[in-house]
Amino acid sequence: MARRNRNRSSTKVLLLLALVAAVTAQTYGSYEQPGDNTNPGNGGTNPGTPSNPGNGGTTPGNCPTCPPGGKPGQVCEDPLTEHHPGSKQLGTWPEYKGANQKTRDGCRPKKNFIFMVSDGFGTASETIAREFYQYKQLGTNEAALADVDSILPLDTLLVGAVRTKSSDSWITDSASAATAYSCGIKTFNAGIGVDPKNRPCATVLEAAKAAGYTTALVATSRITHATPAGWSAHVVERDWEDIIAAQQIGDNVLGRSVDLMFGGGRKFFIPKSKSGSGRNDERDLFVEAKEKYGWKSIVQSRADFLKLTGTKADLPAMGIFASSHMAYTIDRNATAEPSLAEMTHTALSTLADATSDCDSPGFFIMIEGSRIDHAGHTNDVAAHVHDILAYQEAVSIVKSFTKNNPGTVALSVSDHETGGVTVASQPDLTKDSGSFYKWNPWILDGVKASIESFDTTVAKYNGTDFKGFITKLLADKQGINDLTDAEIQLLAKAVNDQQKKTYPGTDQVDWALSTLIAKRALVGFTTHGHTGMDVNLYAINAPGLRGNMDNTQLAHYSAEYLGVTDVQKKLNERVARQKVTLRKRGEFVNEEVKHHKH
């Protein structure tokens, strides 16, 4: 009898749970339910779609002042003003002051998508940058600790988090992550714009171009590096940057897809016989770009960059401002290279002007703060933070652009986290029971140069007074005036190991130098590589993006908003129909006729 009663009780419980689930579904909506102010809809991991945004309600970060069921692209009030009335952006941040898209009666509404990537930027890095900036602006540690209101431009836009694994690893690299964001598929680490079977996949940028949108890439790395390449090229190995450069100018299975490019990487565009070239042949891609693929403007200095008029007549145009990567922000010569904010501003102004015609649907642009990642690899916390703040300047410009250009959706996301950064570390495992429950942002304020700017000088040292040499150098470059004998010995060993190649393929000097500032600032690192941590997602005018989602979902979201999902499918069908695969050195091969692209 007792057993039957327990069974009846269990049945009642199950029925009650089912009833609760049904009521909950009615109350909170489903993935097919757009939602309104009292019924947000998408509370799960499905981010929604532009035609089914879900979160048009009061969920923080999802356009709370927009009408019920708010649509992507409509200008929304900053969530900060409603949910955090005491918060403020500390300091002065740049605003967009360029051309806005013209609108006329009878013209179709514009749709613009700004996809920002903060390479290697994790949640702890945002905290470090914010608190360093507070200290920098307010002047003392006490004042910075007392300030509870100050935030960075990104902080008002947080809507969720993104999972980052690739098809062959829990820890992604930038190539597979870029392919996820651009193609909407998982692929292997090192794969650029290809699926796991080495077949090219059409990117959202390529689909947008095919649909009549104007397109652009901006990066502080080489423009041929993994992230910008992931939107504009198709190779099975990310290191084939000479092939990537050729594809970016138009020698591509899907033709030229980029109208505007700003970044570094000149060495992959010039012939092998020229000094500093990174190519394996004598192709001059700057000449080919103009003569064969119709590029109208190519600039290679900040002075020429400042002369760009921003009219559609200049497109397609490219600015290649460094032989390799552009300089870290902390090292940048402002007369030689434009900043990320300047490139972002000029790109948006150019795109706005170029798409003002009635028949233009709008634009797509990918903007990357590339060198955040590189500093993370080195564990150079000062260079890392300064590039994050430079990225925040670009975000500020994008935020102000969206206010005056309806139809613009913007999002910011990292491809992965780099360095395993932590705020507070335990510097001595033999003596300390834990961290000191603090970190020292003022240490970063004394750093005047990146480790990259002087590591070669250290690595090649062959004099007789290493102690005197390194003591003066680190005082000048890093603001370190308390170098210990143990640290000097550590650095001397690193120099010796690197010169003798004791550990081939490693940067012993960089790694030894990076410990000095990190230890003093009490910032921790767990690796010189990437980590598998989720990364933050920030968005503007994008109801429906919320919660935790996979990186591939952002490609589908951007494609649907621009209305190019079917175009992307057709491009992929075209590639599949031609049986195009990728072989060594990035050659495109038609399996049926054995025709080599080049």
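Indices start at 1 and increase along the chain as displayed.
Placed from the backbone N, Cα and C atoms, the Cβ positions cover glycine too.
The shown structure was predicted, so the numbers you read here are calculated from the model rather than taken from an experiment.
Pulled from TrEMBL:
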| type | residues | note |
| --- | --- | --- |
| ACT_SITE | Ser174 | active site, phosphoserine intermediate |
| BINDING | Asp119, Asp373, His377, Asp415, His416, His530 | Zn(2+) binding site |
| BINDING | Asp119, His225, Thr227, Glu368 | Mg(2+) binding site |
| REGION | 30-104 | region 'Disordered' |
| SIGNAL | 1-25 | signal peptide |
Integer Å distance between the CA atoms belonging to the residue listed as 'active site, phosphoserine intermediate' and His530 (Zn(2+) binding site): 9
Listed recorded positions Asp119, Ser174, Asp373, Asp415; those within 10 A of Thr227 (Mg(2+) binding site), CA to CA, turn out to be Asp119, Ser174, Asp415
Check His416 (Zn(2+) binding site) against DSSP and tell me helix, strand or coil, would you? coil
Could you say which of the binding-site residues His377, His416, His530 has its Cβ with the most other Cβ atoms inside 10 Å? His416
Quick check: which same-chain residues outside Asp119, His225, Thr227, Glu368 lie with their CB within 8 A of the centre of the Mg(2+) site CB atoms? Val117, Ser174, Ala178, Ala219, Ser221, Ala226, Pro228, Gly369, Ser370, Asp373, Asp415
Measuring Cα to Cα, how many angstrom lie between His416 (Zn(2+) binding site) and His225 (Mg(2+) binding site)? 15
Hey, of Asp119, Ser174, His377, which of those recorded positions are within 10 Å of Glu368 (Mg(2+) binding site), Cα to Cα? Asp119
Looking only at DSSP and grouping its letters into three states, which state does His530 (Zn(2+) binding site) belong to? strand
